[in-house]
Structures are given as C-alpha cells and as structure tokens.
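Asks: Not my notes, these are from Swiss-Prot:
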- 1-6: topological domain 'Cytoplasmic' (TOPO_DOM)
- 7-27: transmembrane segment (TRANSMEM)
- 28-60: topological domain 'Extracellular' (TOPO_DOM)
- 46-51: motif 'Selectivity filter' (MOTIF)
- 61-81: transmembrane segment (TRANSMEM)
- 82-333: topological domain 'Cytoplasmic' (TOPO_DOM)
- 107-229: domain 'RCK N-terminal' (DOMAIN)
- 246-331: domain 'RCK C-terminal' (DOMAIN)
Amino acid sequence: METYEKIELGIIVIILLILIESVILMTVEGWDFFTAFYTAVVTISTVGYGDYTPQTFLGKLSVIIYIFAGVGAVAYTMGNIASFFIEGHFRKYFRLRKMMDRIKKLNNHYIICGYGRLGKVIAEEFKKCNIPFVIIDSDEKLLEEALEKDPNLICIVGDATSDDILKKAKIEKAKGLISVVSSDAENVFITLSAKKLNPNIYIVAKAEKPSTLDKLIKAGADRAVCPYIVGGMEIARIAINPDIVEFIHSLVATEEDMEVRRYIVKNKELDNKLLKDSGIREKTGATILAVKKGDKTITSPPPDTVINIGDIIYAFGTKEQLEKLKRYVEGVE
C-alpha cells in the first residue's frame, strides 16, 4: 500500500471513530449532535478542555475505548504524513497524479510491456516518430530512473499480466501493445489478457525461445518475434550483402525521415481504378511498394493493378508524402 493510500485510510478511520463516538454519546448521555461531536473531536485531539464529561458508565467506557483507538489512528496517520514529506513521497504523489491525468487523455496509443533493453529501444523509436505510448514495468526503481532522464515519459509501475494494470494504461483505447518482458510465459499471458480487454488491438510479442512463437500467435498476437532469429538474420544479410543493407539503412535513416506505412483504401474515387490512373504518385509523391487484396499480396505492383475499396497499400516516402497519401486514399480532405 502506497503512503498516500495509508494517509487516506487513516483519515477515514479517524472520521468514522468521531462519528461513531458522537452517536454513542448522543444515545447514552442524551446530548445533542453538536455537543457530542465537539466532545469527540476534543477528546481525539487530546486537548481535553473538560467542559463536557460523560456521566454514565457506558459513556465513560466508550470514551476509554475511543481514546485508545483514536490516539492510535491519529498517530498512524501523522506518522504516514511525516513519511510522505520526509521520504519524498510528496513529489512522487503529484507526479503520479499528473501522469494519470495524461493517461486519461491518451487515445490511439501504444503500450510497451517491459522496459528492459528491448523496451528502451522501442520507446526511443516511438519518441523519434512522435508516437504516444505508455510503459508498464514492475521495477519501480528502473522507471524512476527513466523519469529522471525524461520527465515526459508516461510510466505505470505494476504487473502487465494484471487486467487492472492494463486498464490503467487505457488498453481499451490503445492502438497497439508490445510485450517484451523477460518471461515467455508472461508474454503469452499478457497477449491473452490484452486481446480479451481489446479484441481489436494490434499485438507484437517477444519470444525468447523459437518454440514460443506459435503459442504467442495462438494466444492472439498479430506478430511474434524472436530477437535472436531476427538479429541473426540481419547480421547474416550484412555479412552477405553489406552494400545493399547499408543502402536500405541509409534510406530509412535520411534527414527526410523516410518511412514505410500501410493504409486501407477508403476513397470511393479510387475504387476499380488502375494504379497508373489513380494519381497517387502525382498527387502525393509516395512510392507504392505493395498492394494487398484479401490474402494475396502483390509486391512491386504493375501499373495495370486494379485498386478496390478495402485494399491495403504499402507505401514508401517522407512523412509529408505519406500524410498526403493517407488523406488521399482514405478520402479525407
């Protein structure tokens, strides 16, 4: 239980004790509410004016019990309040409140489960692309260190396998989730939980063992990745064709921020049009890499490729070109 939660609990207990004692004094002593309430407050504060004292046996007995319980509750609460300020919880509390306010405003964001080596790289890439994201990790110290370096990060301390934690990250409004915690079993469980809470969310999950890849897909992951396989394949490509790989990397890492994106054709004006007559290249400047029709993907589509509503277009270009393409194929002015 967090310190501020202990303070809230202590205050609630104190208020309940005061109200209960007030009712008892009204009942056994016959006092009006204000007199009973006043006496209860004075007693628990240990001021002890002595202007009102119970005369009945039950009244005196209730005050004895009340004093022990009340003084204990006050001491507990004051101790936590002191700890709240002395141990730096005050700053942490308001940082948490501010962060939760930012999370409430999130929409169409990504959730990164696990802030280890992979999680940090993913977060850096998202920051470069100005993509909103939330980090979930159970290591509080790790996230505090990350926030010291970058106060703009949005982090949640907790177990990503917990539905409550995923709900805190607004999973119902999230666009995607990336599960890169250290345990394959946890990645499978996170995938299952995420799909249950948001069936439409796009999930990429990490597998330490190649044998886990199929399990992640069956659990609901849209993509399952084994870093060792991907890393090994990349190293092999670099060794075999260093010039080609370097060229591809230079394209992606240019100052113009070249990217590859996918869009669904929604513009009715493009329905049943040939690619060469669509005006995509002329109006946007983006290059079409592939067109996906149902389960069939046409790579390097020829000019006579027919475009239909619902087709998925994979395109390459600058951010500005791709934004123009997005507006054009989706029919947004």
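Numbering starts at 1 and runs along the chain as it is shown here.
Each residue, glycine too, has its Cβ placed from N, Cα and C.
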Asks: Same chain only, please: residues at least 6 beyond the ends of the transmembrane segment (7-27) with a C-beta under 8 Å from a C-beta of the stretch. Say none if there are none.
Replies: 1, 33, 35-37, 39-41, 43-44, 54, 58-59, 62-63, 66, 69-70, 73-74, 76-77, 80-81, 84
Asks: Other than its close neighbours in sequence, what residues sit by the transmembrane segment (61-81), given a CB gap under 8 Å and a spacing of at least six beyond its ends?
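Replies: Contacts with the transmembrane segment (61-81): 3, 6-7, 10-11, 13-14, 17-18, 21, 24-25, 28, 40, 43-46, 54.
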Asks: Determine how many residues of the topological domain 'Extracellular' (28-60) DSSP places in helix, in strand and in coil.
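Replies: The breakdown for the topological domain 'Extracellular' (28-60) reads 18 helix, 0 strand, 15 coil.
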Asks: Just to confirm my parser: what is the rounded mean pLDDT across the topological domain 'Cytoplasmic' (1-6)?
Replies: 73
Asks: Go through the chain and flag residues at least 6 beyond the ends of the topological domain 'Extracellular' (28-60) whose CB is under 8 A from any CB in it; none is fine as an answer.
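Replies: Beyond its ends, the topological domain 'Extracellular' (28-60) has Cβ neighbours at 14, 17-19, 21-22, 66-67, 70-71, 73-74.
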